[in-house]
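Pulled from Swiss-Prot:
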ACT_SITE  485  active site, proton acceptor
BINDING   61, 135, 207  [2Fe-2S] cluster binding site
BINDING   94, 136, 137, 459  Mg(2+) binding site
MOD_RES   137  N6-carboxylysine
């Protein structure tokens, strides 16, 4: 791949940060430390590239990132004038933590990742950053950290997993989640239940549908912070290896041209990222994370920007969880650049946005394959969309005065009016499914699990999967002040603001109340009189905080509401 920059370039020192330590004669102890890690005399004038991965053994999404990091370090070290230094930060496996109290730490991990990248690179004076994320919150955490530093940076996505298979049926992580509901209702044998569990995840790579990891990887490539094809190159592929080999030259180009995240992450670039989320049918979590990433670089993106773009952007990708295909299938027909090329041709993207190649988005995809709509149905043309407008809708009303996020594919309809069934937390809901408390026509209300109330705003993938598995996915709706996984589908509304513990009306809903959700007029309402609401509010007792010490308590104290991306650094 060729790298270039069309702007005017002044003479730039590649080591303008690291020279603070390596070239200062009053820093002898610092320089002794460098000799201690193996520096040679010639290394002291090189630009230092911090290479951070979220590698750890305990998650398929992340288990291979150390290997990719080593390959990237080799690429950097083979590039004249650069030296790579690896470091690591944490992650949380959403697939493992989902359904239990550990899931409260997932969103929190985004902030920990961002803070740790900023902290390490800021203290060590790295001249550039390469981040290698795998699981969901890894991606925005990496971008937020790099944006705060505002030094030449590239994100290398760890890549998507291959599908699993059992008895001739293709499987993925959501197959395992939904098998629980099938088991509860007696719709799957013990043998097949175990067979699904054993075969859903065949190895390394992020969850394979258009779930949160793949959604964000696609959004970030479109934003311009990854090399072309990074989001669609599978974890186990020659293309992913070749991508790592290119990083040395790519990061040197950014250093030479002094191209920083602030040059790339513009308002128009974020609009491109939101557009691709809609086109691919991506995760609701993109709303939270894109707002947070924009905040980190000083660009104002709000929920209403998502609605504005949703109104003019169709869903064209037939991807799981609501569709048929996985990210590996997109790779086979030309990857994300093929989609971007088509959207640019149709006038749906800002083609002049700068990217980490030093070229514009339009220049990056000039040689990409053209989508052939006659030979595949993974991606549809604009004239035959899966849904004429975006699937992510921002709903307001007395239940969500600060807004909420609905994921409406169109297959479940766009209007739901039903009877409330209230659950104070995730386990309460699962108990309700097992006891038969939920019936067709009900609106499940799961509350007290927002950013403050959770704390940490856990995902409700286990409840929505149980609902689908129990055969109620098309006849019930679910609303919450928590989040949803990218694997969630059905008639669902999350991110309700204000949340229950912050005075939101969702905290006052009672069983048998009528709730109306209108995704055409973008409203969500509790059909209870003002007098009754006032009476309930007068009698309301705020729940005792679930965390009083540690990182969860810190998050609850610092976080902004979901409508502002749950950022903690304002």
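Numbering starts at 1 and runs along the chain as it is shown here.
Cβ atoms here come from the backbone N, Cα and C positions, even for glycine.
Known features from Swiss-Prot, placed on the structure.
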{"residue": "61", "record": "[2Fe-2S] cluster binding site", "Cβ neighbours (10 Å)": "30"}
{"residue": "94", "record": "Mg(2+) binding site", "Cβ neighbours (10 Å)": "30"}
{"residue": "135", "record": "[2Fe-2S] cluster binding site", "Cβ neighbours (10 Å)": "27"}
{"residue": "136", "record": "Mg(2+) binding site", "Cβ neighbours (10 Å)": "33"}
{"residue": "137", "record": "Mg(2+) binding site", "Cβ neighbours (10 Å)": "29"}
{"residue": "207", "record": "[2Fe-2S] cluster binding site", "Cβ neighbours (10 Å)": "28"}
{"residue": "459", "record": "Mg(2+) binding site", "Cβ neighbours (10 Å)": "31"}
{"residue": "485", "record": "active site, proton acceptor", "Cβ neighbours (10 Å)": "29"}
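A distance of 14 Å separates the Cα atom of residue 135 ([2Fe-2S] cluster binding site) from that of residue 459 (Mg(2+) binding site). Cα of residue 207 ([2Fe-2S] cluster binding site) to Cα of residue 459 (Mg(2+) binding site): a span of 15 Å. Following the DSSP three-state reduction, the secondary structure of residue 94 (Mg(2+) binding site) is helix. Excluding the listed site residues 94, 136, 137, 459, the same chain places 92, 98, 106, 107, 135, 212, 285, 485 with Cβ atoms within 8 Å of the centre of the Mg(2+) site Cβ atoms. Taking the C-alpha positions, the distance from residue 459 (Mg(2+) binding site) to residue 485 (active site, proton acceptor) comes to 6 Å.
For the pair residue 94 (Mg(2+) binding site) and residue 485 (active site, proton acceptor), the C-alpha distance works out to 9 angstrom. Here the CA atom of residue 485 (active site, proton acceptor) lies 11 Å from the CA atom of residue 137 (Mg(2+) binding site).
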